[in-house]
Each structure stands twice: as structure tokens, then as C-alpha cells.
Ligand SMILES: N[C@@H]1[C@@H](O)[C@H](O)[C@@H](COP(=O)(O)O)O[C@@H]1O
């Protein structure tokens, strides 16, 4: 794991965008795994800016999003389909047919999970996966569990996640109880991974991901077993990392 601690949320996004842009520069037909939530917004803003200023080309890029709420149609402003259009896809030259997000409206979620996994495999797997992290150390919507979930599957959301995500809804009762999410194995099979976090409320989860026991009770901890992970966190989210780790990390001024 390489840990990058930044001074600000914007800097965190910039560092992540640089890695994504470098990936596309080296491999224009890259397959990206993408995340939603407030964390990656500064990364998307930066990528859009790089696209507009120096023409970062997304025309050959394929994307697979991590997850979607079950029962949410793509035109619902709370859906992850809508989020991705709003913050990223409508601002860049990606081809609509190259954009993939699990279908939260599918009749058969088992079949949808299988379809999604086959699509990823048919594209040769994910080159670079971007992740946020939940306060309970979930990645995608893989909640703390007794085992690591493998492939794309239906998840019952934890109360903590429902409460955390209720800020995007009128109130917690409107937050869907179920989601469809890439599994831990899907994520771990990606060639490169970036984990992003900002804010003091993520410090405990970041500590578990980087320094805690590898356990399905803290799903992000599995990333310690991945061969190429960059953890990019602002200083608030890095607050609980021990000095010796902080001592060997790059602290960028932003
Ligand atoms: N399923 C998403 C995750 O992919 C995201 O990383 C996480 C953190 O969200 P945020 O970035 O808004 O804090 O929770 C959501 O529930």
C-alpha cells in the first residue's frame, strides 16, 4: 500500500485524478471501476477540467460502477446512475455504450449480478478501480460481514450506512434498504486500486483499512492483500494512522 496524505479535499481529488489520467494516457482503452458518494466528487471535477483544458480523451474508455440502490430508476436524482451523469459522464466524451452501472431495476438480481460480472470479464477485467469508504469500512456496498462477499450481489444495507446516506434524501426512511454491489473479489481482481477518504468521520475506517486486522468485519481491510493500492486521504481522514506510517508517506501541500 502506498499512502498519500493531502492537506485538503481538493488536493485529494487532484492526486486521484492524476492517477486516473495517467492510466488513460498509457492505455486509452482503459477499463475504470468508478465510485459514487461525496468523496470522489473533487476527483471527477478535476478529471472534467483536465478533459476540457488538455483534451483528456475518454472516447475509448469503458467504465463499471460499483453499485446501485435496488428499486431506483436511472432518472431518479438519488440514483447512482443519475449521480454519475451529473458529476461526470455528461461533461466528458465517453460513449454511452461504454458506461456500465448495475441495474437496480432488474427483475432478477441474481441474473443481473451474473450479467455484470460477465461484462467485466468480457472487457478483460478492471484496470483501475476507484473506491470510497463507508464509516463502517465498507467498500462499494459490501457491508461488514462474517465472510468476504465474492462477486456482484444483493446487499442489505446496515443501519449505519442508511443513516450516513440519509443526508442525500429527505429523511432516513427514504433511503433504500437494499443495493446491488460488486463483490470484494470483483474489486480485488482489479489491476490497480485507489482508495479515497476525507474528513474526520472517516478516520476510524481508514485506520481499519490500513492498519487493522484483515477481516470481513472491516471489508476495506482486504485491500492490505492487494498488490497495488494507493490510499489517498486528507489529513483529517489520516488522523488515526500511526506516526511510523505517516512518517514514510508523502504529504503534499495543496
Ligand atoms: N456505496 C457508497 C460507497 O461506494 C461510498 O464509498 C461510501 C462513502 O460515501 P461518501 O463518499 O458519500 O462518504 O458510501 C456509499 O454508501
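Note that Cβ sites are derived from N, Cα and C of the backbone, with glycine treated the same way.
Note: TrEMBL annotation is automatic and uncurated.
Copied over from TrEMBL, here are the features:
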type: ACT_SITE; residues: 67; note: active site, proton acceptor
type: ACT_SITE; residues: 136; note: active site, for ring-opening step
type: ACT_SITE; residues: 138; note: active site, proton acceptor
type: ACT_SITE; residues: 143; note: active site, for ring-opening step
type: DOMAIN; residues: 30-227; note: domain 'Glucosamine/galactosamine-6-phosphate isomerase'
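Taking the Cα atom of each, residue 136 (active site, for ring-opening step) and residue 67 (active site, proton acceptor) are about 17 angstrom apart.
Residues from the active-site residues list (67, 136, 143) with a C-beta closer than 6 Å to any atom of ligand 1: 67. Predicted-model confidence for the domain 'Glucosamine/galactosamine-6-phosphate isomerase' (30-227) is 96, expressed as mean pLDDT. Annotation note: residue 67 (active site, proton acceptor) sits in a strand segment as assigned by DSSP. Counting every protein chain shown, 19 other Cβ atoms lie within 10 Å of the Cβ of residue 136 (active site, for ring-opening step).
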